[in-house]
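Pulled from Swiss-Prot:
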type	residues	note
BINDING	G151, G152, A153, G154, V155, G156, K157, T158	ATP binding site
Amino acid sequence: MQEGKISQIIGPVVDVDFQEGGLPAILDALTVARPDGTKLVLETQQHLGEERVRTISMDATDGLVRGMPVINTGKPIQVPVGPNVLGRMLNVVGDPIDGKGPVKSEKSYSIHRPTPKFDVLSTKSEMFETGIKVIDLLEPYSRGGKTGLFGGAGVGKTVLIMELINNIAKQQSGFSVFAGVGERTREGNDLWEEMKESGVIDKTALVFGQMNEPPGARARVALTGLSIAEYFRDEENRDVLLFIDNIFRFTQAGSEVSALLGRMPSAVGYQPTLGTEMGELQDRIVSTNKGSVTSVQAIYVPADDLTDPAPATAFTHLDATTVLSRSIAELGIYPAVDPLDSTSRILDPNIVGDEHYNTAQAVKSLLQRYKDLQDIIAILGMDELSDEDKLTVSRARKIQRFLSQPFFVAEAFTGLEGKYVKLEDTIKGFNEIIDGKHDDLPESAFYLVGTIEEAVEKAKTL
C-alpha cells in the first residue's frame, strides 16, 4: 500500500503528498485514520505535479492536520451490493447508518462504472402504470425509462416521489433503490419510518447523503445508489426502480467543490464540467437486454426558472418530464402537475394505443383553450363568452379539478384516504367529462377524488 501525507486542507478539499512509488490514479480512494479511530475516505481528483494529488473528502475534515498519514487503496470507492443491502440504510461509502451492524455482503462494486455497451441496450417501449391520473394520462412513464419531476421550492416534488415509491413498490414486487442526495434529513427519516411500517423496506435499499453532509458525499451518493441498482440489473437480471431526490443537489455539490479544485466557473457560476458530470450519471441509468433500471428523479428548479443550466442539462436525458407548477399549487390542486408543460416520449398511439392518445390530446386541447380564454375572462368576465366557450370553460375547470387526487402519503395532511386509479378508469373518467356526460355536476365534486364514480357519489352529498 502506498502511503502519503496530508499537505493542505481547504474545507472539503485535501491535498496529499506521495514521496515515492508514484501517485494514485484519478478517482482512486484514499483513507485517513482519524484520531477517534474512524476512517475518512478521500477521492483523488487532480494530479498537481509529480508528488501531490488533490482530493475531495467524503465526510467532514474536522480534526485532520497536516502530516497525517494517508493510505492509497489502489481502487475507486467500493460499496457493498447484492441481496444483503436490501432493508438497509447506507452512506456514500457504503457504511451502514441504520445502527444494525455491518452489511454482510459477498460482493462490492466500484461507484464509478462504465456505461453498458450499445449492443446490450434494450430499445423496448412500454408504459408502466403509476396509479396517479395526471401522470398516467398525460405524461406516461416508460418501463426502463428516465423521468424527471421538475418544480421550485415547496410545490410537492418529494411528496410526489414518496407517492410513486408507495404505489410502484407496493403494486410491483420489484426491488427499489432510493438515493437521498442533499435533501432534508427529516424527509429521509420519514421515508425510512414509513417504509418500515408499510413493509416495503425488505425490497428497498436506501442510500443517503443529505443536506448536512460535505459536498464530496453529495456529489457521489447518487453514483453509490446507481451501483447498487446496476448489480440487480446485471447480475440478477431484474427490473429495478431507482429513485433520486434530488438531482439538482448533485449538480450543486459539484459546483461547490469545483472552485476549490481550481476550476473557472461557467454560466451562472456552475462548474465547467456540468454537462459531463450529468452525462456520466444519466448514461449509466439504462436498460439492457438482461434487466432494466427505471428511474424517477426529483429536480429542483432554482427560482422557478426552467432555463437555469442545472435543470436544463437534466432535461435532455429524460424520457418523460412532470413539471410541477406554483400557479396550480396556489389553486389547491395537488399533485400540482402542469398538464400543458409536462411531456412524455411514449405518448404515442403506437405505444399507448389510440384511445389513450386521443383522450390525452382532447384533455390538453380543452385546457389550452381555457388558458387562451383566461385573459378575456379576467378583463370582460364570463358573460361575454359565447355559449360554446362557456361550455369549454366549464368542462376544462372540471378536468382541472379531476386531475387532482388524494395521496396515500398525504393522508395525515388531507384527512382523505389515498387513491390508486387504474389506467382504464382514468381514461374512462376523462372521456365522460369531455363528452359532456357530467355537465350537470358541480365543479367541487371532481376535486380530490379517485375515479369518476366517486365524483358522481360526491356530487350527491353536496
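Every residue gets a Cβ built from N, Cα and C, even glycine.
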(request) Would you list, in sequence order, the residues of this chain other than G151, G152, A153, G154, V155, G156, K157, T158 that have their CB within 8 A of the centroid of the site's CB atoms, where the site is the one recorded for ATP? (result) Y300, L324, A329, A336
(message) These are the binding-site residues: G152, G154, G156. Which one scores highest on other Cβ atoms within 10 Å?
(response) G156
(request) Among the binding-site residues listed here (G151, T158), identify the one with the smallest other-Cβ count within 10 Å. (result) T158
(request) Compile a sequence-ordered list of residues in the same chain as A153 (ATP binding site), six or more apart from it, whose Cβ lies below 8 A from its Cβ; state 'none' when nothing qualifies. (result) Y300
(message) Under 8 Å between C-beta atoms and at least six apart in sequence, can you list the same-chain neighbours of K157 (ATP binding site), or say none if there are none?
(response) L149, F150, G151, D245, N246, A298, I299, Y300, L324
(request) Take the Cβ of V155 (ATP binding site) and count every other Cβ within 10 Å, whichever protein chain it belongs to. (result) 27
